[in-house]
Protein chains: 2
Amino acid sequence: MKRRNTATKEAVLSVLNASGKAMSQSAIEKKINVDINRATIYRVLNNYCEDGILHRIVADDGRQYFAICLECDEDRKSLHHFHFRCEKCETISCLPEPVNFSLSNDYIVEKVNCILTGVCKDCSTS
Amino acid sequence: MKRRNTATKEAVLSVLNASGKAMSQSAIEKKINVDINRATIYRVLNNYCEDGILHRIVADDGRQYFAICLECDEDRKSLHHFHFRCEKCETISCLPEPVNFSLSNDYIVEKVNCILTGVCKDCSTS
DNA sequence: TGTATTATTGCAAGAGTGTCGCAATAAATA
DNA sequence: TATTTATTGCGACACTCTTGCAATAATACA
């Protein structure tokens, strides 16, 4: 399925770009200046994930967060990395720290989701 | 609020005991032989968490899993380890694999949540 | 430029998880 | 046995996320 450029998609991506962090659908909807349907935002986000442009993070509040992961675009080889959820500023950011593990071959690993929670450097130093 | 012993509570706890893993409400409901209301199971699980008998884990499917976490009560408390969520048997188990990361001192890490998802060795080998 | 193709969108509805209020039930205690 | 009140089932709700369908619009091509 070929993708088409639309104002909606650009708006979603620019909001995420501006924030530099992972955002939920509702957070994106609030930040966006245009009126976009909820379902559409989810579809756009899911498509971006499929295309490898966004990452999906499920936080310990059970909700999905989406982020442009610059660190990963450089390598392009889907290197798993840690995420940091700051309880003070309520954001999730990508860490350069890679996730390493070795597991018995009996396990089939399909997804990796590593989240550190606490206070981020911006909040702890101020 | 004083707790009372009921068949429902015992059934929930015995299912969790038998599995030795973290289970969701729906998984518990399926495994239980008696017919118990959904809301009741949630209330029982939440009470157990309050009383410090169960742990609550939010997995990367956004759902809550509950477990009697014996390892955590002992000396393994400080040691962070990976969890594995099996999409086939709907359980989460603790892996011996430790979680390693080094982060700038500016970050204050309070919680570590690392979940690998896929098919566990019990399900993949059978 | 005009037309055809089909990706995208909005809307409504649905599925799944988790919670809550209320009345009925039943465990613990006196 | 009678009383107290924790527990339960039921229904309804809130929330997140998805899906089917028809309308719209971005792209390709004549």
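Here the Cβ of each residue, glycine as well, is placed from N, Cα and C on the backbone.
For A:His80 (Fe cation binding site), the Cβ neighbour count at a 10 Å cut-off comes to 17, with all displayed protein chains included. The Fe cation binding site annotation in TrEMBL covers A:His80, A:Glu97.
For A:Cys123 (Zn(2+) binding site), applying a Cβ distance below 8 Å and a minimum sequence separation of six or more within one chain yields A:Cys86, A:Lys88, A:Cys89. Among the features that TrEMBL reports, Zn(2+) binding site is placed at A:Cys86, A:Cys89, A:Cys120, A:Cys123.
Local packing around the Cβ, expressed as the count of other Cβ atoms within 10 angstroms, is greatest for A:Cys86 among the binding-site residues A:Cys86, A:Cys89. Listed in sequence order, A:Phe84, A:Cys86, A:Lys88, A:Cys89, A:Thr91, A:Ser93 are the same-chain residues six or more apart from A:Cys120 (Zn(2+) binding site) with CB atoms under 8 A from its CB. Cβ atoms within 8 Å of the centroid of the Cβ atoms of A:Cys86, A:Cys89, A:Cys120, A:Cys123 (the Zn(2+) site) belong to the same-chain residues A:Glu87, A:Lys88, A:Glu90, A:Thr91, A:Val119, A:Lys121, A:Asp122, A:Ser124, site residues excluded. Spatially close to A:Glu97 (Fe cation binding site) yet at least six residues away along the chain are A:His81, A:Phe82, judged by Cβ distances under 8 angstroms.
Chain B comes close to A:Glu97, A:Cys120, taken from the binding-site residues A:His80, A:Cys86, A:Cys89, A:Glu97, A:Cys120 by a C-beta to C-beta distance under 8 angstroms.
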